[in-house]
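Working notes for the structure below.
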Amino acid sequence: MEDERGTGSSQGEFILLGLSDNQYLQILFFMVFLISYVLTLLWSLAVTVVSELDPSLQTPMYFFLINRSFLDLCSTTATVPQMLVNLQRSQKTISWTGCMAQLFISLGLGSTECVLLAAMAYDCYAAVCHPLRYTAIMSRSLCWLMATASWFSGMTASFVQTCLTLRLPLCGHNRINDFSCEVPALLSLACADTSINEAGLLVGSAVILPVPLGLNLVSYGYIGAAVLRIRSAEGRHKAFNTCTSHLAVVSIFFGTAIYTYLQPPSQHPQDQGKIVSLFYAFITPMVNPLIYTLRNKDVHRAPRRALGKQCWMQQS
């Protein structure tokens, strides 16, 4: 008997086909993903703690960086634990409720990150192009407004797309050719016309992806022009370092997201799609904290300042 929710399973479950059925590869994947997940958690928490404890890092840049770290932590937690569990068992399943929750959370966090990256680009623009008025432009209230708008728009876009996906009948199809519940993979299971869903996905993606990307490019156009006007090599180098980390993250994130969502799911090569999904679900959240902090001298000095302050307090 067909499940009321259209999965075609009496238990209301989906079967995640994952990456491979090979037992040895699954063990390798388990170790790699577990290490990746632990490193993502540790680095994201470290960035957040250091930014909160050091007064010199309580600036708009680090306010947005804390939001990014929280996004990375949540996005990996939405998919990785379930995948680690499935890699340890032969029947790789996820409940209907869990699948829909994973879809909503992952899509919402990804959409939020798109808008938040545009806010961070504007912060870079203000820091490089208007350094004397930076603190006045990037006020605390504006930072909170931009962060709130990012979260609200991202979750709203995810809610709409999740509702469109829920209305599709699956007619007994419950084998998802992916390691998590993604919109393109779920649309491929539908036994009805998905043109409305594909149109909604493309329209939503066209708003939530190219618009923030365009704002990033405009910001960096102004930043590039401002850097070229700086006469001293040291000044150009400092301005360049301020924004290169963010530009690298923007390139990685938007490149993978556009490949995944800005094409019809019916034309989406599933095996390549899984590799791309794997990249932005595991690799990107893990390397983001490193990209932002690897060449950041303020972050490097923050733990030493905290330790020095602690030692001074103990001695006095």
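A Cβ is built for glycine as well, from the same backbone N, Cα and C atoms used for every other residue.
Those TrEMBL annotations? Automatic predictions, nothing curated.
Per TrEMBL, these features apply:
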DOMAIN    43-292  domain 'G-protein coupled receptors family 1 profile'
TRANSMEM  27-50  transmembrane segment
TRANSMEM  62-80  transmembrane segment
TRANSMEM  100-122  transmembrane segment
TRANSMEM  142-160  transmembrane segment
TRANSMEM  207-228  transmembrane segment
TRANSMEM  240-262  transmembrane segment
TRANSMEM  274-294  transmembrane segment
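Over the domain 'G-protein coupled receptors family 1 profile' (43-292) the predicted model carries a mean pLDDT of 80. A Cβ distance under 8 Å defines the sequence-distant neighbours of the transmembrane segment (207-228), meaning residues of its chain 6+ beyond its ends; these are 111, 114-115, 117-118, 121-122, 124-125, 128-129, 153-154, 157, 236, 239-240, 243, 247, 250, 254, 257-258, 261-262.
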